[in-house]
């Protein structure tokens with residue numbers, strides 16, 4: 001039987017996770033291992049400074065007091081007897097486009113699955129609360145079926161962003177754009193007058209260039225972006241070698257102290 005592992009970063013009580021559980025059940029056995037609380041913007045954090053507690057909530061449904069990456073690691077090593085046929089992370093409350101990918105626990109869970117050679121997909125809903133997942137479920141099911149039938153390129157995950165507004169115009173295969181948040185750090189004072197900071201909010205600065213995920217979703221299309229594990233800027237290799245001439249650079253002699261003296 002086909003086995004599908006699902007997780008997220010919004011936590012076990014997320015509506016998006018429930019939609020995945022119901023939608024993907026038609027494709028095979030669905031095993032859920034999700035954080036027991038919200039882990040938004042946790043990125044690819046792995047908990048190594050304390051033990052983790054895995055709790056069985058129901059048949060094939062588990063929570064973990066850890067990050068989305070922890071959930072995937074524990075699921076693959078301790079919950080499942082064999083690697084799943086597919087990993088789906090989501091459905092996230094909000095977009096994971098452009099620079100969001102670097103912060104996203106949703107995408108990072110799919111990255112972790114890809115690192116273990118499990119075909120993996122991250123799914124996010126683009127919009128604002130209250131979130132409606134009416135259109136998202138069938139789209140995810142169809143994309144999951146396509147991955148199960150054809151697979152994914154090596155070391156590559158599928159990052160999917162689905163516009164909440166209706167009607168959806170279609171689907172676009174995209175590249176990662178840019179979305180940097182301006183004025184995302186807010187100053188506040190606690191009751192004792194001490195300065196504190198909130199990170200979040202602000203105004204997004206968008207690079208909605210041609211064929212980007214940003215452009216696609218803002219024009220009403222589902223964005224599907226292939227994300228590769230190799231973060232190397234291959235064009236930068238020649239710059240480092242030739243322009244900066246780093247390989248011919250003679251390092252100073254190493255001394256006995258940390259400063260080399």
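Glycine too: its Cβ is placed from the backbone N, Cα and C atoms.
Quick caveat, the model's predicted, so the values are computed rather than measured.
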For the divalent metal cation site that TrEMBL gives as 9, 10, 40, the extra residue out of 92, 96 is 92
What are the other residues, in sequence order, whose C-beta lies within 8 angstroms of the center of the C-beta atoms of 9, 10, 40, 92 at the divalent metal cation site? 8, 11, 14, 38, 39, 68, 90, 93, 94, 104, 105, 106
Determine the most Cβ-crowded residue among the binding-site residues 40, 92, using a 10 Å radius around each Cβ and all protein chains in the structure. 92
Of all the binding-site residues given, 9, 10, which has the fewest Cβ neighbours within 10 Å once its own Cβ is left out? 10
